[in-house]
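Student: One structure coming up, written as structure tokens, with questions to follow.
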Amino acid sequence: MKRNKNTSMDTVVTDFILMGLSHPPNLRTLLFLVFFSIYILTQLGNLLILFTVWADPKLHARPMYILLGVLSFLDMWLSSVIVPRLILNFTPASKVIPFGGCVAQLYFFHFLGSTQCFLYTLMAYDRYLAICQPLRYPVLMNGKLCTILVAGAWVAGSIHGSIQATLTFRLPYCGPNKVDYFLCDIPAVLRLACADTKVNELVTFVDIGVVAASCFMLILLSYANIVHAILKIRTADGRRRAFSTCGSHLTVVTVYYVPCIFIYLRAGSKSPLDGAVAVFYTIVTPLLNPLIYTLRNQEVKSALKRISAGRGHGK
């Protein structure tokens, strides 16, 4: 699709203006406080999980909790890439972001976001092996293999972020420079390009939309097998514990993937709902992760009690 045909190619954009989320002016202070609180709670909650997994020997030796610790680390950084810039839109501060800053935000957003996407798939695979292959689980998923898989997810995420940032900003941008979004993301930035964006939209559709949808389908397939295995568990307590562990993961995965697929499978189009939908997987999900994985996970709660009791005895 051609963009900005009537704009002179002699003009070169050196910065962008992030328009942020549409909101009534009288709600500006309230929204600032809401998103600021979400950011602080996200950082504290995920830091608590990181500390718990690191401090408790029973947790940091198990692949499930290694993956959970990595997820918390990702959530902290993903939130830091997005929320501080969003909060500035509710203050008198300038909405301008330098061209290089926009490139960096898009790269890190897709680097961290795609790594998280792959990590959710690994977590589903881990739960599948633990419940469907319990006797072979220590062989099929050990600490060394888990570390290799996590490293692979980071590398794949970095490659993905580099591809998307390079393809997006190789295009000429000659004005206007107002990004109708709360962050520098591919669909919103491409609308400002002074060139044909069909190739970019196709790559976005395949590299993000289809990959995210495929990961989501693999996760659902894993959980279909898990549910089948859980129903064979004879004791009600065993079924309850298995459903509780997997239910928390599936809740977070749904909140993350469904909005993501909605945005990127239709990268060439625009909807008034895009901003609100994106808030769920960029801002709400990092907040939900520590809440769900601590409040609904008995082992994490037990670890917190052990750590608290140990510190109490140490005084």
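Backbone N, Cα and C atoms are what each Cβ position is placed from, and that goes for glycine too.
This is the feature table in TrEMBL:
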DOMAIN    45-293  domain 'G-protein coupled receptors family 1 profile'
TRANSMEM  30-53  transmembrane segment
TRANSMEM  65-87  transmembrane segment
TRANSMEM  107-125  transmembrane segment
TRANSMEM  145-163  transmembrane segment
TRANSMEM  208-231  transmembrane segment
TRANSMEM  243-265  transmembrane segment
TRANSMEM  277-295  transmembrane segment
Student: Between the transmembrane segment (145-163) and the transmembrane segment (65-87), are there three or more C-beta pairs closer than 8 Å, counting only pairs 6 or more apart along the chain?
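Tutor: Touching, yes - the transmembrane segment (145-163) and the transmembrane segment (65-87) meet the threshold of 3 or more Cβ pairs under 8 Å.
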Student: Counting only residues 6+ away from its ends, which parts of the chain sit with a Cβ under 8 Å from the transmembrane segment (65-87)?
Tutor: 18, 20-21, 32, 35-36, 38-39, 42-43, 46-47, 49-50, 53-54, 59, 97, 105, 108-109, 112-113, 115-116, 119-120, 122-123, 126, 143, 146-147, 150, 182-183, 282-283, 285-287, 289-290, 293, 299-300
Student: Given the model, what does the mean pLDDT over the domain 'G-protein coupled receptors family 1 profile' (45-293) come out as?
Tutor: 87
Student: By Cβ distance under 8 Å, which residues at least 6 away from the ends of the transmembrane segment (107-125) in the same chain are close to it?
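Tutor: For the transmembrane segment (107-125), the nonlocal Cβ contacts are 64, 67-68, 70-71, 74-75, 77-78, 81-82, 141, 149-150, 152-154, 156-158, 160-162, 164-165, 183-186, 208, 211-212, 215, 218-219, 222-223, 249, 252-253, 256-257, 260, 281-282.
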